[in-house]
Structures are given as C-alpha cells and as structure tokens.
C-alpha cells in the first residue's frame with residue numbers, strides 16, 4: 001500500500017500556503033522564495049506564522065527545502081530527520097526526502113574529518129566486535145566440548161580474574177553494588193592461610209607501603225579504582241555536555257544514548273542531574289488550550305518562541321559501544337599483558353616510566369618473569385588458593401608484571417573511553433550545527449502561493465493585477 | 001514536549017470538528033491525547049454496514065512519532081475481520097510504523113485504514129492471530145511488525 005495513498009486529502013488542511021486570500025501573479029524575474037510568502041504553515045507542527053505585510057529580511061526559521069509547496073520550521077524538519085535517524089525501525093533516507101515531492105533535502109553541517117574517521121571506525125569496529133563476540137562464544141563452546149588442553153592454555157588468564165571487573169565496573173552500574181565486596185570474597189584464602197614469604201597473595205594490607213603494590217593489593221584496589229573512575233568520568237561527561245553548544249544535555253552511560261536538552265523520555269536513574277534543568281515540560285501536564293478554539297491567535301512568527309520539538313536531541317551510538325563493552329571485557333586478560341608489554345618497551349626510554357612501573361633498572365628488565373618462576377602450590381591447601389600458584393622467592397624481587405599490566409589496562413580503558421566521548425561530542429556538535437538549504441519556488445505553480453508583492457524600491461506594498 | 005504536539009493536535013481537532021472525511025465520525029476526545037473515531041465503509045465492500053471504532057493515542061512526540069492506533073474491542077465494537085487486523089484490535093500497517101511521516105494525520109490514517117478494509121478480498125484473521133493476541137504487548141507500538149504484504 002503506498003504510504004501516501006490518500007495524501008491529497010491532507011493538503012486541504014495544510015493548504016494555507018497555497019490557498020491565500022488573493023491570487024496574485026509574480027512580477028519579478030527571480031523565482032519567489034520562502035521570504036515572499038505572506039502566510040506560512042509548517043507541514044509538521046501545523047504552526048502558522050502571522051501574515052506578513054512586507055517582505056522580511058531573514059527567513060525567520062522557516063524553510064522551503066523541496067520542490068513543492070510544503071514549507072516548515074527548520075527546527076521541526078531537523079527534529080523529524082534526527083528522529084528518523086535515531087529510530088531503529090525506520091529508514092533515515094525516508095526522512096531526508098520530502099514526503100510529497102520526494103526531493104532530497106540538502107543538509108549542511110559541521111563534519112570535521114575526525115568525525116568522519118570516527119564514524120567509519122565505529123562502523124568497522126561494530127562489524128569486528130560482532131565477529132569477535134561470535135568467535136568467543138564459539139571458542140567457549142569449543143572449550144566445553146573439546147576438553148582441557150585448550151582450557152589449560154586459558155588457565156593463566158584466571159590470574160587476572162578480577163581485572164575485567166575493572167572494565168565492567170567502569171561501564172555498568174549493576175556491579176557497583178556487589179563490587180566492593182568482591183575483594184573481601186577473594187581474600188579469605190590468603191588471609192586465612194598466609195603463605196608468608198612465598199605466597200603470591202599475602203594479606204593485602206601488610207605490604208601497603210611497598211611500591212609497586214603487590215598483586216593482592218592491586219586486585220584489592222581494582223574495584224574501588226573502577227568506581228572512582230566511573231564517578232570521575234561521569235563528571236567529565238557532564239562537563240563536556242555543558243560545554244557543548246546547545247544548552248544542557250544529559251548522558252546515560254549504560255546504554256550510551258545521549259539525551260541533550262529536555263528530551264521527553266522515561267526518566268533514567270542514570271541520567272545526570274542537569275536533565276532536571278528548568279524548562280522541562282511535564283508529559284502528564286494538561287495543555288492549557290485544550291479546548292480547541294477556532295479564532296485562536298496565530299502562532300508566533302519567530303520560531304524562537306516555539307518550543308523545541310523533541311527528537312532533535314537524541315543520539316544513539318548503541319550497538320558498537322555495547323559490543324565493545326562485551327568484547328573489551330572478554331579480551332581484557334589478553335589486552336592487559338599487551339598493554340603492559342608496550343609500557344615496558346616504552347620504559348626503556350624513560351626513567352620516570354620505569355619508576356612508575358616499578359621496574360628496577362638494576363635488576364634488569366624482565367629478568368624475573370611471573371610465569372617462568374612460579375610453581376604450582378601442592379598440598380592439601382591447593383584447592384583453597386584462588387589462583388593456585390606460588391612463587392618461591394620474595395615478592396619484592398619479582399618483576400612487577402601485574403602492576404604494569406594493570407596500569408596498561410587502565411590506560412587502555414581510559415583511551416578508549418576518551419575516544420568514545422570525543423565521538424559523542426563531535427556527533428552532538430554535528431547534530432547541533434545542521435542547517436537545511438532553503439530552495440526557491442521555481443517549478444511550483446506561483447498562482448497557488450500567497451505571495452507578498454511589493455515595490456522593492458520604495459518599500460510600498462503594491463497590488464499586482 | 002506537550003506544547004509541541006498539543007498545538008498540532010488542537011488544529012487537527014478543529015479541522016475534524018469542522019469536517020470529517022466520509023464515513024468517519026469523531027466519537028469522543030477524552031483529552032487531547034486520546035481520541036475515538038468511528039469508521040465505516042460507504043461503498044461496496046465486504047465490510048458494508050459494519051461500524052468500527054478506532055482509538056488514537058498521541059504521544060508527546062507526535063507528529064515526529066506515529067500515534068498509537070487500534071480498533072476498539074468492547075461490548076459495542078469489534079475489530080474488523082481482516083488479514084492485517086488482530087482480534088485484539090492491533091493493526092499491522094506500515095504507515096503506523098516504519099512508513100510514518102508527519103505529513104500524515106488523523107484523517108489520512110482513517111482514510112488509509114478505510115481503503116485497507118475496502119480492498120479486502122477475504123475476511124480472515126492474520127496468520128498466528130491467537131498466538132499474537134495471547135502474548136501481545138498492551139500497545140501495538142511495542143510490537144515489531146514485518147510489513148511484507150503490500151497487496152491487501
């Protein structure tokens with residue numbers, strides 16, 4: 001069924017643009033433009049402008065973006081286009097064309113190269129994340145079905161069992177409630193059976209003064225650092241969104257949907273307080289002019305008085321970033337050593353970095369590795385140890401792999417989050433900077449338009465014959 | 001954004017009170033957000049002589065977002081027996097979903113639904129009606145319809 005099968009009926013209502021009081025002819029050589037219309041009715045909100053007596057200097061927020069007689073508030077049209085882009089079920093291409101004459105709107109916006117690169121990267125990353133997610137699920141199943149050899153290879157990753165939790169804790173609020181207790185759950189084995197000298201997991205607080213912190217203390221701190229990071233990054237996001245032109249915004253981290261400026265949506269507990277900025281229209285509020293009145297005064301001519309239509313302010317970048325969360329959580333045990341290794345290589349060139357990483361130059365880089373120097377704990381207590389590994393030297397003598405891996409992973413999270421924020425910020429700015437090109441009325445039957453014809457020299461209004 | 005939608009709804013209501021399309025009557029408007037209209041087919045069709053009622057519910061984002069439109073099912077009204085209308089009144093029509101455009105309005109939706117009924121060849125329920133009705137969400141807007149059949 002064609003969507004506009006009976007569309008012609010509709011225009012009897014919005015025909016204020018064409019059924020003007022006086023049919024006039026057009027004495028000028030140039031085609032008329034939106035500025036020459038005496039009365040205008042927005043085809044989206046049906047708002048009307050006050051009839052004009054003289055030609056305005058600007059188009060006053062109105063546009064004629066297509067090749068037929070439909071005119072609209074630019075803000076309404078942008079809201080419609082933005083909404084169609086955000087809605088998953090509808091095709092954005094539909095909204096970028098006039099529903100009556102099918103002319104494509106010409107939209108200009110601030111789209112720096114960086115945004116285009118990020119958009120492209122986002123697109124490819126989404127595809128990549130999908131593939132990785134599928135592979136991970138398949139290989140997980142493989143482990144289940146094809147036995148222990150492969151699973152044993154992955155065994156060492158349990159060293160970093162709680163490291164992915166840093167990631168999760170920085171992204172979700174769900175875990176925030178249980179995270180503070182995780183270290184406590186994690187600790188008992190080593191608390192109860194302190195291995196003293198050789199244990200990888202001595203009581204976490206006994207060696208708090210050492211630098212770098214012991215593996216136990218690193219793991220112990222991870223969730224708290226994650227929460228602090230979550231808190232701080234939300235602060236940064238709210239700061240960015242305040243700085244973005246276009247007024248107050250809000251931002252939800254959980255589903256990475258950005259709401260800017262008074263969007264009438266279900267309140268989200270994660271929405272930042274600046275969503276509560278004054279000027280929100282309460283949904284349940286009864287409109288004042290509920291009883292329709294035929295001689296209702298015409299709407300203000302300047303759409304600055306118009307309430308901003310909803311919809312222009314929501315940006316969805318959901319799928320790619322949700323997948324990224326899953327993938328980065330899955331891959332954290334692999335990313336961490338890579339980042340740690342990178343940091344180690346970099347530290348060859350920086351004494352400061354070596355100090356930060358706790359790499360003792362005198363001891364030689366990587367002389368003592370975690371894996372090569374550990375022996376499996378044997379004996380009756382083995383099953384109680386969370387990791388089941390023991391080092392038969394002193395913690396202080398070990399190359400602090402855990403520390404640089406933790407730092408590397410933190411940096412990785414920080415950088416990828418910063419990229420996300422940059423992308424969102426640029427996308428917000430692009431959305432905000434959009435303008436639609438207004439066309440003239442060439443090709444439209446002028447006799448159907450209610451045009452202002454005036455003597456442009458003297459400014460007197462002339463009546464055309 | 002109540003003012004944005006209510007301005008347009010007020011104008012639509014004025015127009016509907018002045019003149020409704022043939023076969024359409026405005027039954028009630030409890031408030032600006034919920035209207036009931038009756039719908040009947042005047043020409044020759046399978047539904048000749050039957051009167052249906054449509055309930056429109058407009059969200060705060062109307063007309064950027066499509067209204068929720070269902071056939072009223074109660075003691076007085078039944079949903080029409082049509083391959084795109086479920087017995088609970090939910091309608092599978094693309095203009096109420098992916099093909100929605102703000103250029104459409106209450107009266108064009110009614111006319112489109114009239115012509116949808118008028119072109120009906122066989123009175124029957126959609127495939128899987130019972131299953132759908134059993135599990136259907138309260139609002140058809142929460143259903144993801146697949147608009148695969150353009151012929152009816």
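A Cβ is built for glycine as well, from the same backbone N, Cα and C atoms used for every other residue.
Curation plays no part in TrEMBL annotations; they are all automatic predictions.
Segment annotation: TrEMBL labels region 'Disordered' over residues A:271-305 (candidates A:201-235, A:236-270, A:271-305).
Within the set A:96-120, A:121-145, A:321-345, the record from TrEMBL flags A:121-145 under the feature transmembrane segment.
In the predicted model, the domain 'RING-CH-type' (A:34-108) has a mean pLDDT of 81. Each residue of the domain 'RING-CH-type' (A:34-108) gets a DSSP state, and the totals for helix, strand and coil are 20 helix, 13 strand, 42 coil.
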